[in-house]
Amino acid sequence: MASAKETYRAELRAAARQLGERCLYSAAKWAAELLVGVDMDTAPAPSAAMDTPSSSSAASAGRLLHLHRSGGSSFRHRPRPGCGSTSEAGTPLGGVSYVSTPIPDDDAFDSGGDKYLLAKTYFDCREYRRAAHVLQNQAGRKAVFLRCYALYMAGEKRKEAEMIELEGLLGKSNAVNQELVALERELSAHRRTGSIDSFGLYLYGLVLRDKGCEGLARTILVESVNSYPWNWSAWSELQSLCTSSDILNNLNLKNHWMKEFFLASTYLELKMHEEALKRYERLMGVFRCSGYIQAQIATVQYSMRDLDEAEMIFEELLGIDPFRVDSMDIYSNLLYAKESLTALSFLAHRVFLTDKYRPESCCIIANYYSLKGQHEKSVLYFKRALKLDRKYLSAWTLMGHEYVELKNTPAAIDAYRRAVDINPRDFRAWYGLGQTYEMMGMPFYALYYFRKSSYLQPNDARLWIAMAQCYESDPLQMIEEAIKCYERAANCNDTEGIALHQLAKLHGMLGQSEEAAFYYKKDLERMEVEERQGQNFVEALLFLAKHYKSIGSFEEAEHYCTRLLDYTGPEKETAKNMLQGIKRLQSGFPSMDIDHFAL
């Protein structure tokens, strides 16, 4: 019996060839990269080590993190316990039994093979209508798919031209693909008669999605991936239609091993980072040499704000695949967040030499100029990225950030709105809209967009802090609501410590000294652990000293006053006077403060 890994390789090899013949080059590339990512080793079977997915995946994650943090060699080349080949073809991952899906036979050259070859050549040359015309009398499923796909692409090409003619290259337009109605009619007829294959179903799903029939599009795409599970393009389109976990859970998907890739990717898109990481860790047991999975793991780590871990994985990936451009825009965002100008400069130079006309390359270069403070140049490169791909989400969002830096609020709002039109789940664009309206002095509009962003990313402290600061602003002065937002931020691992300090100050403003002292103390402990000094540190010491003196806890008050003596400025003199007053009170004499003399 063939091993599971041998089965994967055979399936992926056939899929890469078939997808390429049908001009689905992105899916063919994905399958080919995954094919060489299968690690043919002789380690123990994963099913024995993964009978309990939750505990095993956690252990696997621990091993991965340990290898990175210990500074060892790349984990993709190091055998890990329980992640080798398997002896059962049906139990490849986690002891789960997967359905067997036969690879369909090709009817490419059964009849009309020469015409199909000519049509495919025209298609590769972007002469879509000529390709469709050549196949107009061909009845084979493969020929029908390529003819309909060529018509779809011809309609898309014409739509792009109309957009440029009517509104300019980056302008908005109501142009639509004029082929959608005819294609829907033909493909639905083929589906009713059963004369459509999985590729035709995939195209039918695209047409329905473009027409706004998302529910039916999901149903059709599920049929497509159940029939032919190796078409990653179909899985990707299905993922774009899964906008909530409820929709995802209601999909009637067969239990094929490709479903694991889909679920992991969808969990990442839905911000279910822990679930995504567990699944990618399990997949690494078989596809240990897959650059795609490593890039996805790094993306998950970046989304979870584990920047150091993500950076290590991206560096290893570039060391093994130095001409890689895929996912490097995420790496550039990471380097931007860490303000690593040298590393970002090196990455920008590398992708420029590799392929400067990729949208990702332009985005990386734009990030570099933004970090240097050259925001006009940054906008220029984001526009270049969008000329190459109008639906490149990151470019719209990040260009909006650049316009905010340039104080060009109308352009920023337009860029952010274009981003949410492409993906309504992009919390960064909603946050950007809130920030922009706050700059314009429109706090109620800002609150609406901040709420949208925090709903999509509820564990991001920065979003709750932005909303709290909006509640604090002079036009609103909704202090109680601000406190609630700061509390959420404090519970979401606020690494900058803004929430604790603001909670202490706001409770102090409301006269709630016990609550204020509690948060000042927590903030002080945080700053001590992080070895931070500054005005916030002095402010916390001073408040705690006054608070404990006022409630008669003289030892605590004396402790904080003594610590204030290490600082210069008026706080030091205040601490000296307080210490003198405490000593008088402890010795039984009245405190000689201003109120005492007034009496």
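Cβ from N, Cα, C; glycine included.
Where the annotation comes from TrEMBL, it is an automatic prediction and has not been curated.
Within the set 166-193, 222-249, 530-557, the record from TrEMBL flags 166-193 under the feature coiled coil. Secondary structure of the repeat 'TPR' (393-426) per DSSP (helix as H, G, I; strand as E, B; remaining residues coil): 27 helix, 0 strand, 7 coil. Helix, strand and coil residue tallies for the repeat 'TPR' (427-460), in that order: 27 helix, 0 strand, 7 coil [DSSP]. Taken together, the residues of the coiled coil (166-193) have an average pLDDT of 85.
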